[in-house]
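Visitor: The following block contains the structure, expressed as C-alpha cells.
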Amino acid sequence: MSLAGSCVALHLRFLRCCGYCRLAGGDGYPPLLRWLHHAYRYFALALMTAYLLQQCVYAYQEQTDMDKLARVMFLLLCHVTSITKQIVFHVDAERIDEMITGLDDRLYNEVSEKQAQLLSTTCVRAARLVRVYTGTAFITCTLWIVFPILEYANGRPVDFPFWAGIDYNHSSIRFLLVLLYSYYATSLEGIANTTMDAFIATILYQCQTQLKILRMNIEILPDRARAIVKKESNQKYEAVLWKLFIECLTHYKKITSTSKILQDIFGTVILIQFAIGGWTLCMAAYKLVSLNVLSIEFASITLFIMCIFIELLLFCYYGNEVKVESDRLVESLYAMQWLGTPLRFQRSLLVFMERAKQPLRPVAGRIIPLSLETFLTIIKSSYTFYAVLRQTK
C-alpha cells in the first residue's frame, strides 16, 4: 500500500481476521480462501445477531430487576451499534473498497520530504490508536470471564447476561461451553467494534492530514513555480503556476470526495452511535455505582466506560479537526504570494477562495455535526439519564 493508504492497513487486518471486512479484490488471494473468508464473514454476522437476540430475551425476562437489566442493557446497546456497523461493511463493501483504494491516489502520496514525515506520523499514530483501543476492549472482555470463573469455583451460582436455554450451574461441561461462547462473542464484538471506530476516525484523520499538506502546497505555490522554471529553463512561469494550481484544486476535490464517501457510508451509523451512546454510558454508570471498588467487575465496567468515551470522542475530535483545517484553507489561499501573479490566476484564486469559504463539516446522518460541542452534549444527556435512573431506584 501507499504511504497514505498504509494508515488503515492494521485496521483492515484486524477486521478481516474478525470476519467484518472482505478481502481486497486485487490482493491475489486464491478462490478457495476467498470463499472460506466470505463464509466466515456471514458466520460472524449470524453469531453476533444470535448473541444480540439472546441478550434481548434475557432483558425481557429480567425487566423487573433493575440491577440485572442495567447489567445487560449497556452490553445490548453496544452490540446494537456494533451490528449496524457490521451490516454496513457487508452492504457497502464496494464503496468501502473504493474509499480505501482512493487513499493510494497519486495526489495523496506525491509529497515533499517534510510532508512525507507528516504522513508517516499519521500512520504511526493511527496504528497506535487501534492497538491501544482494541487492547483495552480485549482486556475488558477478558476480565468479564474472570468473574464468573471465580464465582463458579467458589460454588456460587453464575448468571451470564444473556439467555442460554440450558442449566449451566450444575454441569462443568455446560458451564465451560457457555463461558467460551460468551468470551468468543464478546471479545470478537469488542475487538471488531473498536477497530471499526478507529477505522472511521483514521479516515477523518487522513483528511485532516491531507488538508494540512494542501495548505502547505498552496502557501508556497508561486515559489514552487519559480523553482521549477529556474530548474527547467524551457518551462514558462504562467504555465507551471497554472498547472500547480490545478493540482491543488484537484487535491482539494479529492479530499472533499473522501470525506463525502465516508459520510455517505457511515453517517447513519454514527448517528445511531450518538443516539445510543448516551444511554450506554448511563446504564454502565448505573451498574458501576453498585459494585465494590476493589472488585474485578468494577475494573471491567470502568474499562468499558473508557471504551465508550473514546468511541464517542474519536468521531467528534477528528471531525472537529477536519473542520478546523478546512477553515484555515481560506487563510492559506490569502497568505500565498499572489501579488505579481497573472490576472487569470488571481481570478481563479478568488473562485477557489469562495469555494473554500464553505468548509468541510463532517456530520452524522446529515444532522449532527462531528464536533467537540456534540461530544459534550452527549455526555451531559448521559448524566441526565443517569440522574433520572438514580431517582427512580
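Glycine is no exception: its Cβ is also placed from the backbone N, Cα and C atoms.
The transmembrane segment annotation in TrEMBL covers 41-60, 130-150, 162-184, 261-286, 298-318.
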Visitor: Should the transmembrane segment (41-60) and the transmembrane segment (162-184) be scored as in contact, given a threshold of at least 3 Cβ pairs under 8 Å and pairs 6 or more apart?
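Guide: In contact, yes.
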Visitor: Grab the same-chain neighbours of the transmembrane segment (130-150) for me: Cβ-Cβ under 8 Å, and only residues 6 or more beyond its ends, written as numbers and ranges.
Guide: 10-11, 14, 158, 160, 179, 182-183, 186-187, 190-191, 193-195, 197-199, 202, 295-297, 299-300, 303-304, 306-307, 310
